[in-house]
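The block underneath contains the structure these notes are about, expressed in structure tokens.
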Amino acid sequence: MAAKEVRFGDAARSAVITGVNVLADAVKVTLGPKGRNVVLERSYGAPTITKDGVSVAKEIELKDKFENMGAQMVKEVASKTSDTAGDGTTTATVLAQAIVKEGMRYVAAGMNPMDLKRGIEKAVSAAVEELKKLSKPCSTSKEIAQVGSISANSDAEIGRIIAEAMDKVGKEGVITVEDGSGLENELDVVEGMQFDRGYLSPYFVSSAEKQIAALENPFILLHDKKISNIRDLLPILEQVAKAGKPLLIIAEDVDGEALATLVVNNIRGILKTCAVKAPGFGDRRKAMLEDIAILTGGTVIAEEVGLSLEKAKLEDLGQAKRVEVGKENTTIIDGAGDTKAIEARVTQIRKQIEEATSDYDREKLQERVAKLAGGVALIKVGAATEMEMKEKKARVEDAFHATRAAVEEGIVPGGGVALLRTIDAVSKAKGDNHDQDSGIKIVLRALEEPLRQIVTNCGDEASVVVNKVKEGKGNFGYNAATGEYGDLVAMGVLDPTKVTRSALQNASSVAGLILTTDAMVAELPKEDSPGAGAGMGGMGGMGGMDM
């Protein structure tokens with residue numbers, strides 16, 4: 001086991017503060033509409049230029065292990081805020097630094113760190129309650145666009161495209177962000193349910209130009225097993241042929257004689273069909289087949305429920321207005337399922353999301369909700385260079401998460417004003433003793449810090465602006481983008497309540513831990529023994545053996 005160095009008291013805390021300050025100072029320059037860029041070195045290729053706080057935080061690793069511990073603790077604030085709210089990472093970092101800086105002065109003055117921490121917690125609880133009162137629902141497309149714009153560093157185009165995407169697929173819909181091929185941002189919306197399985201044979205293709213099999217008003221057969229024998233399928237094929245409609249078969253697999261017969265019938269025009277594999281694997285496949293059944297008003301033909309292919313009837317089949325099957329995707333548009341049944345299924349999946357333990361499961365369940373409830377929107381980010389593309393894509397993702405958070409918990413005035421408006425409520429909070437009251441004072445000072453930093457990044461005088469905003473009420477604040485004072489909500493300067501709340505809670509949590517730290521343990525750097533190197537060097541003399 002490697003030797004360790006242990007530091008106590010002030011020696012430990014001073015190293016932590018240095019680390020906190022290095023990371024926070026690098027991150028906070030990006031705050032606000034006039035925040036500066038940070039250039040990040042890459043081991044290969046061009047450097048990355050970003051205004052995204054969490055991207056800057058993730059890059060920072062300090063040489064001194066004790067200082068690095070402080071930096072990593074604040075990095076945790078940024079990451080946690082990004083994970084829960086999708087944005088607000090820079091605000092959280094600024095708040096954490098402010099609480100730690102102010103708190104350390106009180107600790108140095110001999111106050112009890114545990115009481116300071118309790119005071120900080122009381123103040124934050126009061127601020128969070130006040131934020132909830134200030135919050136108003138984010139319902140209109142205009143407000144969604146404004147939230148997106150602010151989060152994307154005042155890029156109105158990004159806000160507009162996110163609002164349009166949410167408009168098209170609903171607030172529950174899946175929105176994915178990927179690299180575009182042009183200079184402009186594009187929005188591609190997939191209506192209905194899409195899953196990542198394509199046709200099993202190219203002979204099913206009906207449009208050579210688009211390379212898709214398009215079925216109008218088809219029946220949809222859902223089966224959870226492999227279909228190889230055509231005799232199992234014949235009874236239902238005959239019923240579908242009599243009805244004069246096309247047929248989509250979704251099964252674990254279709255091969256051999258069954259696939260060959262379907263292809264021949266399709267080519268001859270006797271019965272228009274298409275076969276695709278069921279999406280997902282194992283239990284997820286069964287669940288997704290059930291989703292498709294509910295969406296299309298059909299039943300999954302499975303032995304578990306006492307149904308077999310030979311005895312299947314037309315009533316067991318689902319229906320849709322249109323189905324498009326490509327090489328890699330199948331899209332079911334306007335399924336004939338009962339609306340109430342679909343809503344019940346969505347509610348059931350949402351309960352599973354609440355109980356899900358892994359992020360992967362949660363994400364997959366969220367996708368299933370979106371496919372049933374809304375649709376899928378694809379934002380293709382356009383840019384002139386790869387460097388710009390990466391930076392823009394990160395901003396679009398930030399903006400998307402922020403708008404989701406706004407829809408979830410509502411919006412408050414932006415520009416650091418919401419935190420400033422909680423000061424009255426926080427100042428009424430009372431601690432159990434003098435040290436806890438000092439903890440409340442620490443938070444009161446920290447609540448001003450995001451606005452101060454936004455103003456500083458604009459090149460204006462922070463104290464003047466903070467005092468003027470404090471004199472106003474409600475949504476009155478400073479619009480850093482234009483340099484004007486006024487109603488920030490009317491100006492479109494909005495923050496999601498969830499983002500502001502998460503930033504404050506995460507910052508105070510980690511800052512409280514730092515203030516109550518009294519010892520630190522880190523590995524001593526390994527020293528290379530000079531003997532080994534010298535011995536190896538001596539082997540060079542063996543060259544002289546050749547006489």
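Glycine residues also receive a Cβ, built from the backbone N, Cα and C atoms like all the rest.
Source: prediction; values computed, not measured.
Swiss-Prot assigns the feature region 'Disordered' to one of the listed ranges (134-156, 525-547), namely 525-547. Ranked by Cβ neighbours within 10 A across all protein chains shown, the binding-site residues THR30, LYS51, GLY88, THR90 are led by GLY88.
Within the same chain, the residues at least 6 positions away from ASP495 (ATP binding site) whose Cβ sits under 8 Å from its Cβ are GLY88, VAL147, ILE150, ILE411, VAL412, PRO413, GLY414, GLY415, ALA418, listed in sequence order. In sequence order, GLY32, PRO33, LYS34, GLY415, ILE454, VAL455, ASN457, CYS458 make up the list of same-chain residues 6 or more apart from ALA480 (ATP binding site) whose Cβ falls under 8 Å from its Cβ.
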